[in-house]
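Below: the structure, in structure tokens.
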Amino acid sequence: AKMAAAASELVTGWCLFGLALLAILIFCWVYVRKYQSRRESEVISTITAIFALAVALISSALLPVDIFLVSYMKNQNGTFKDWADANVSRQIEDTVLYGYYTLYSIILFCVFLWIPFVYFYYEEKEEDDDNTCSQVKTALKYTLGFITICAVLLLIGAFVPLDIPNKKNSTEWEKVKLLFEEFGSSHGLTALSFSISSLTVIGMLAAITYTAYGMSALPLNLIKGTTSAAYERLENTEDIEEVEQHLLRIKSKCRDGRPLSSRDRRTVRQLEERLRTLRRRERHLESIEKSWWMKFCEVIRPLKIVWGVFFIIVALLFTVSLFLSNLDKALHSAGFDSGFIILGTNLTNPLNMLLPVLQTVFPLDYILITTIVMYFIFTSMAGIRNMGIWFFWIRLYKIRRGKTRPQALLFLCMILLLIVLHTSYMIYSLAPQYVMYGSQKYLVQVRCNTYFKIILPSLSNIYLLFAFLADQCIVTRTYLFLHKFWFFSAAYYFGNWAFIAVFLIGLIISCCKGKKSVIEGEVDEDDSDMSDDELSAYCH
């Protein structure tokens, strides 16, 4: 009966997983179609963007699933469940690990091969629209550089020595032999971990840039709302009249046949460009004022305020917890050489206090972790959408509803893939013991993570801790990818401080800014008049 119940639960779990996967694919399709340009949309770029975005969302769901599986194998009294013997536990661990292998390998494939190839293909297509063979060759040439970088990272990760031999008189051959033995024993985990950690550092920079700002901008924009379309249209009409009068005054200078000065001609060109932009705004405002979407947004305005308040509470909970966790590492960790690893929680944070309470009511703790992960993803999307895609001080692309170029969508999905990789470490920083062991308990009714408190924070004791708990508690597979290399952990530590600083700066800026325009970012001076052909994509 117990085996039948376990099998029933397994079937139910797979059904829920299938429904979640279907929901993710539908969301990705709607999101990409919502923002992609109707005039420049291409089948391959659309499929690539949808697939990459789906991989990002599925990868973000691995952490809650990993924590749930290691917790589900044990009873509340600390004993393993009847069906969770050593072989079954190992099979589950291996299944989760293979899941990470698969998704992380797909991420490497997307970041270093597929997305760069599609991007450079369409870059070449704009310059040479006839010769497909030449476009493919040029795209492959540029993509080869990304493949080389990936190969170098895999080789470095495969042979970097994690265990340095103590024998001072060991020969060079013995050292090389040790490297190959480590590579064989890790089954490629070290190589993949190094490559993923390298991408995670880039994802950390993207999270500092986009996610930190999105966490402050998204809630406040929902709370403040947008300006009235009728009011904006009235102001825009006044601006049109003012520009037209200014043009008439300048052009009146040449009524007697005298040519305009170079300064006046330059001013006329600027005013005419300004007038074209204002007239495009007029058409957009007139259309949005009559659209059903605007009326629907006015109806759900109270709901937006509620969601904005909820999001700002989550953002503050996240930031305060991250600050206390980083402060704890600064005060009690083993230092820079250990990657600021800490084996105990000396300064508790709101999330660490909340998770043990929620663990008593299944599945509230998993709902909270999933909510934080998804909030992290959606605020990243909001940050990229509001800021656009930048390379240092150069703005490469804008993300606009119905007007986003295929290359910009590919960039967006690549950035999200990198940010998702950093998400796991961010959650680990907030609740390290929970991410490692979930809600598992030791046989004497003491939680596995409480044993951190009796072990000094040094790297040598980490291995003693694992050996002590190896037969009693199961560590999540996520942790195996997080702390293979101490220097990456040190980089993440400093990145967390930068994340907090950018969030506070973005919060101040968002508070000081007024309401957004109802057509924010939809009409810019560098748009062509052909962009009005896509007006229906915004309004319908």
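Quick reminder: no glycine exception, Cβ is built from N, Cα and C everywhere.
The coiled coil annotation in TrEMBL covers 261-288. Per TrEMBL, transmembrane segment is recorded for 6-31, 43-63, 98-122, 142-162, 189-213, 305-324, 366-396, 408-431, 451-470, 490-509.
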So are the transmembrane segment (98-122) and the transmembrane segment (366-396) touching or not, going by 3+ C-beta pairs under 8 A with a sequence gap of 6 or more?
no
If you average the pLDDT over the coiled coil (261-288), what number do you get?
83
If one takes Cβ-Cβ under 8 Å and requires six or more residues beyond its ends, the residues near the transmembrane segment (43-63) are 20-21, 24-25, 27-29, 31-33, 36, 96, 99-100, 103-104, 106-107, 110, 114-115, 118, 121-122, 369-370, 373-374, 376-377, 406-407, 409-410, 412-414, 416-417, 419-421, 423-424, 427, 435, 478
Contacting positions for the transmembrane segment (366-396) when only residues 6+ beyond its ends and CB under 8 Å are counted:
31, 35, 56-57, 60-61, 63-64, 67-68, 206-207, 209-215, 217-218, 311, 314-315, 318, 351, 354-355, 358, 408, 411-412, 415-416, 419-420, 423, 426-427, 430, 434
